[in-house]
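Report on one structure; see the data block that follows.
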Amino acid sequence: MTVETFKPKQTTTLDIPVKTLEAASTNAVTTGNRIGFVSLGCPKNLVDSERILTQLRIDGYEVTNSYDNADLVIVNTCGFIDAAVEESLDAVREALEENGKVIVTGCLGAKENQIREVHPDVLEITGPHSYEAVLKHVHKYVPKPEHNPFTSLIPQTGVKLTPKHYAYLKISEGCDNRCTFCIIPSLRGDLDSRPAGSILDEAKRLVESGVQEILVVSQDTSAYGKDKGGRTDFWNGMPVKQDITSLARQLGKMGAWVRLHYIYPYPWVDDLIPLMAEGLILPYLDIPMQHASPRILKMMKRPGRVDRQLEAIQRWREICPDLVIRSTFIVGFPGETEEDFQILLDFLKEARLDRVGCFKYSEVDGAVANTIAELISEDVKEDRYHRFMEVQAEISAERLARFVGRTLDILIDDVDEEGAIGRSFADAPEIDGMVFINGETELEPGMLVRARITHSDEHDLWAEVVDADTQD
């Protein structure tokens, strides 16, 4: 089941935009108890939105895509960087102006005073993953329908804000690291891993519902299970170790693509690479490295042995030659010198990463990094950002060119009058590139097709469909 949420009028400034769907559920019952919903932020926040929406539907509420038709509006906010805070406050403002009855939840909700200073008329405010509190507040202002005969129509997977063929699977909350640029632990707490059996149950339901790609997310995915003290959980009567490698191995047996996001560079990440080489999980590693200067990494409270990171990348590629590595970096961190920045550029040239995102340092309210060194001017940050992206564009083009002439499985995301648009194992939805298959207008979203790569640039691939039995 998909539910239509609506998109605020302001332009999004985040990598993951305001989530909006094209088609509303056709079996939603008209109850007069209508809730509007705005979901902002990252995929982890998206999962929180899906859980709230699922419970709203179970409770008999109708989710509407119009401010005018809503009895109340929920805004699930992001509060990680200043731009996200501004966007969230703008979304709350718009909801108040257009509707008047607003409940705020999500990461920014952990800073109630900040919201109240700008928007004192908000009805209620809760922090992140406060599902029960959100529902309690909804019941207070919009009475729960006495009976809804259609709740049995809600699938076991619940409400999803993603296309039917892929879904995010959140395996834990919080983080035990204390990176100086990040305030996530203060918003979402320390690491709290879900039981392995619960995760695998959810994954099984997703696959049985037609999901072809599971995107594993959390604040610190590779730390999964560290808080469990080595305790074993059970699934289908079998013991399952609660660590990321054991979990990934079980997920890989379910017959869907499994893509891992937000991998912190712990030593045991090495154990995941053989699973990728075996084809159990996608050979794709999203591992935010943040910088390469040992001095800056120390100030960030991040792992600082860049030589070991380069050795690891080489080792991983030897084990799994198809491995695609995505990473993110920060330029303009407080105290960053030109020498530090050159070390970062040199690292890029040596590491030859496949996909890279770059962020200009933003002063996050409450982040330790704001006060540990002199702030970098906006002009310098902008200059370094463009120099960084120029270097990486050439590297990305080189890395993508290796696929030309190969035949790959392509998961179709969209089809228009020009053809189909999909992704290979090398491309995560919404953040990486795409594969364009011109002329194939008969394909449908969710199809997995074989296609030969004919062309590439620094971001995307172009391909043509071939017979299913065609090999590389």
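Each Cβ is built from the backbone N, Cα and C atoms, and glycine gets one as well.
Swiss-Prot has this to say about the protein:
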- 33-143: domain 'MTTase N-terminal' (DOMAIN)
- CYS42, CYS78, CYS107: [4Fe-4S] cluster 1 binding site (BINDING)
- 161-398: domain 'Radical SAM core' (DOMAIN)
- CYS175, CYS179, CYS182: [4Fe-4S] cluster 2 binding site (BINDING)
- 401-467: domain 'TRAM' (DOMAIN)
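Annotated features taken from Swiss-Prot, shown on the structure.
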| residue | record | DSSP (3 states) |
| --- | --- | --- |
| CYS42 | [4Fe-4S] cluster 1 binding site | coil |
| CYS78 | [4Fe-4S] cluster 1 binding site | coil |
| CYS107 | [4Fe-4S] cluster 1 binding site | helix |
| CYS175 | [4Fe-4S] cluster 2 binding site | coil |
| CYS182 | [4Fe-4S] cluster 2 binding site | coil |
*Measure from the CA atom of CYS42 ([4Fe-4S] cluster 1 binding site) to the CA atom of CYS179 ([4Fe-4S] cluster 2 binding site) and give the result in Å, rounded to a whole number.*
18
_Can you break down the domain 'MTTase N-terminal' (33-143) into helix, strand and coil residue counts using DSSP?_
55 helix, 22 strand, 34 coil
*Could you break down the residues of the domain 'TRAM' (401-467) into DSSP helix, strand and coil, giving a count for each?*
1 helix, 33 strand, 33 coil
*asked:* Taking 10 A as the limit, how many CB atoms besides its own sit near the CB of CYS182 ([4Fe-4S] cluster 2 binding site)?
replied: 22
*Cα-Cα distance linking CYS182 ([4Fe-4S] cluster 2 binding site) and CYS78 ([4Fe-4S] cluster 1 binding site), given in Å to the nearest integer*: 13
*Taking the Cβ of CYS78 ([4Fe-4S] cluster 1 binding site) as the centre, how many other Cβ atoms fall within a 10 Å radius?*
25
*Distance, CYS107 ([4Fe-4S] cluster 1 binding site) to CYS182 ([4Fe-4S] cluster 2 binding site) (CA atoms, angstrom)*: 12
*Just jot down the residues in the same chain as CYS175 ([4Fe-4S] cluster 2 binding site), at least 6 apart in sequence, with C-beta under 8 A of its C-beta; none if empty.*
CYS182, ILE184, PRO185, ARG188, ASP190, LEU191, GLN219, ASP220, ALA223
_Cβ-Cβ distance under 8 Å to CYS107 ([4Fe-4S] cluster 1 binding site), same chain, at least six residues away_ = GLY41, ASN45, THR77, CYS78, GLY79, PHE80, GLY127, PRO128, ILE184, LEU187, ARG188
